[in-house]
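The active site, nucleophile feature in TrEMBL is assigned to Asp22. Per TrEMBL, the feature substrate binding site maps to Tyr86. Here TrEMBL flags 9-79, 124-241 as domain 'Pseudouridine synthase I TruA alpha/beta'.
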Amino acid sequence: QKAAQKLRPSVPIKFHISSRTDTGVHALGNSAHLDVHRAPGRPHLSEEQLTRALNYHLSPEPICILSAHRVANTFHARFHALSRTYSYRLLLGCAHHSQVPVFERDLCWAPAGGPLNIPAMQEAAQFLLGTHDFSTFCSSNKETPPRSPVRTIFQVDIQPSPGFLSHHCEHRGLEFWEVKFRGRSFLYRQVRRMVGALVAVGQGKLAPHHIKELLEIKDALAFPPNSMAPPSGLFLKSVEY
């Protein structure tokens, strides 16, 4: 928003972001909308000019505008999104956090306790598909008013994933896995709690059917303590319109 204000608009600019993320969570493809009012007689900025200008003013920050598109005045980046896709990256094979490759630090989660039972996690993930009351998988947030805990998950996949510069650590027996969720919207820390519960299944602390039982309880206090996945492995992958 500060970068856009340097474009000398005739009316103060406000960004409307499609999705907010926790501190430490990454975004590969977030989106936002803004209105740029130009002074009388000044030409409108093209999509390419807007992208270049914003990136120029954003250069000190770890953020980059990938593209810009002119939309109708009625468009809203948050409310018109059809779905959002989140990806959580897991690293298996590390006996200690110091064994996480340097290029992967703060970009994945290496759960302690040995290998994970991936088939059990995949079985448990199926219980999260569809429309449910996700109260058990929502952290309380005092900053925003209560929202309906009912959400719809369109897709849950647990698949092998390439690591960053993985050829540097092929000999170490490390495995990267990606847990992908696609839904219209998500509750506060819902994805991190779902991943944490699935990892608990993979560790044998929970059975797959316990995920179904947690959904049916509809109580955030029933969520296994200290099981929420850390933010570092979570990426907002894309927002679909």
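Cβ from N, Cα, C; glycine included.
Cβ neighbours of Asp22 (active site, nucleophile) (same chain, under 8 Å, six or more residues apart in sequence): Arg189, Arg192, Pro231, Leu234.
Taking the Cβ of the residue listed as 'substrate binding site' as reference, residues of its chain lying under 8 Å away and at least six apart in sequence are, in sequence order, Lys180, Phe181, Arg182, Phe186, Val191, Leu234, Phe235, Leu236, Lys237.
Mean per-residue pLDDT, taken over the domain 'Pseudouridine synthase I TruA alpha/beta' (124-241), amounts to 91.
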